[in-house]
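Chemist: The structure is given below, and queries will be raised subsequently.
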């Protein structure tokens, strides 16, 4: 038994407390206290449902020098995540039931965050032959995606949506037009021209989202079941507007935004620092503000990290050669708690929802509200500020564009089904 005393509760329904939360048998037993072997003082902290990340690259199999299941899932629980969706662009790609099953079994044995693998939409992520969606789902896959690559063949995407629809599986897309994106390393515009760097235009994202929404319309018309499209790492104002219009028209589309697109802009590239090189690229301030509005009005369903670890040597290469990607599992919530809630008054209830019930809805999972009988997959968050220090990361990627930023809202206790998987109590 664990008793968390004098703690505020925050979930998608709102805030309440302070209360005394008794945990046992993997569930919340009482909100009125009780006898417990371990007592945690929650004074000044708040308790939330465990977070779910829809989009993380754990690099296993094939690139364990960058990250592996242990380091990635340990980073996850240190970031307050009890559940995580791993992307399939590994080496080899996760495109068979056997590969999905192997990941699930290894992750379960580690006893950290619960892993929910995404499987490739097409064999080897080559964009040609569809993978066996039903068998992948039986093995544990929760969505289909060729993330890391773009879906260039609209016919293949349509067939994938039609295949996934009766299974209730969402199809997630990395929405960039490869012909427009070309070799861009930062947002296309005056700053890229000034710096002499190849640009990736915002129209590359908007054009691909527009096409994919038309493909979704086609699949919706042709399928007796409901196809579900999920747009990954939205980065532009126009892309957001397209998703907003589609939702208002009743299309079954969901979308996510990342911590880096919500807190950073292309201005960070003035230093030519590859730490800020990410795909899609950091955009302008107008795009960032549009994303924040999308969080509030429901256009964006979830905040997803797109955690993308690389080796230190790779990220120290010059900007043109360094790989795309930012590691963020361990700082995502503190970053947005500080930058959005504390500094801008973004509602805490809504912020927590974007880390919990929002991503759960994308996967078709029920909400986790804090009440008696609820599964005790929880995170205790401390508002006390401390600086970001990537040298203390559990992730193998011990670098960060937010190094030195003073943030509050750090996870100090993470539980999965009542088991403590991370503890950093003072």
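Glycine is no exception: its Cβ is also placed from the backbone N, Cα and C atoms.
Pulled these features from Swiss-Prot for this protein:
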- 306: active site (ACT_SITE)
- 55, 57, 147, 306: Zn(2+) 1 binding site (BINDING)
- 57, 58, 59, 89, 310, 324, 325: substrate binding site (BINDING)
- 147, 174, 233: Zn(2+) 2 binding site (BINDING)
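Surface or core, plus neighbours and distances: that's what I need for these features.
Modeler: DSSP assigns residue 306 (active site) to coil in the three-state reduction, placing it in neither a helix nor a strand.
The number of other Cβ atoms within 10 Å of the Cβ belonging to residue 306 (active site), over all protein chains shown, comes to 29.
Around residue 59 (substrate binding site), the C-beta neighbours below 8 angstroms that are at least 6 residues distant in the chain are 66, 67, 68, 72, 90, 309. Under the DSSP three-state reduction, residue 59 (substrate binding site) is assigned to coil, being neither helix nor strand.
In three-state terms derived from DSSP, residue 174 (Zn(2+) 2 binding site) belongs to neither a helical nor a strand segment and is classed as coil.
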Chemist: Among the recorded positions 55, 89, 306, 310, whose Cα is within 10 A of the Cα of residue 233 (Zn(2+) 2 binding site)?
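Modeler: Neighbours among recorded positions, in sequence order: 55, 306.
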Chemist: Identify all same-chain residues not among 147, 174, 233 whose C-beta atom falls within 8 angstroms of the centroid of the Zn(2+) 2 site's C-beta atoms; report them in sequence order.
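Modeler: After dropping the recorded site residues, what remains is 55, 87, 145, 148, 172, 173, 175, 232, 279, 306.
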Chemist: List the binding-site residues among 55, 57, 147, 310, 324 whose C-alpha is within 10 Å of the C-alpha of residue 174 (Zn(2+) 2 binding site), in sequence order, or say none.
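Modeler: Qualifying among 55, 57, 147, 310, 324: 147.
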Chemist: How many Å separate the Cα atoms of residue 58 (substrate binding site) and residue 306 (active site)?
Modeler: 10
Chemist: Run through the Cβ atoms and count how many others sit within 10 Å of the one on residue 89 (substrate binding site).
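Modeler: Excluding its own Cβ, residue 89 (substrate binding site) sees 21 Cβ atoms within 10 Å.
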Chemist: List every residue in the same chain as residue 324 (substrate binding site), at least 6 positions away in sequence, whose Cβ is under 8 Å from its Cβ.
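Modeler: Result: 277, 278, 279, 308.
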Chemist: Using DSSP reduced to three states, classify residue 89 (substrate binding site) as helix, strand or coil.
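Modeler: Going by the DSSP assignment, residue 89 (substrate binding site) belongs to neither helix nor strand, so it counts as coil.
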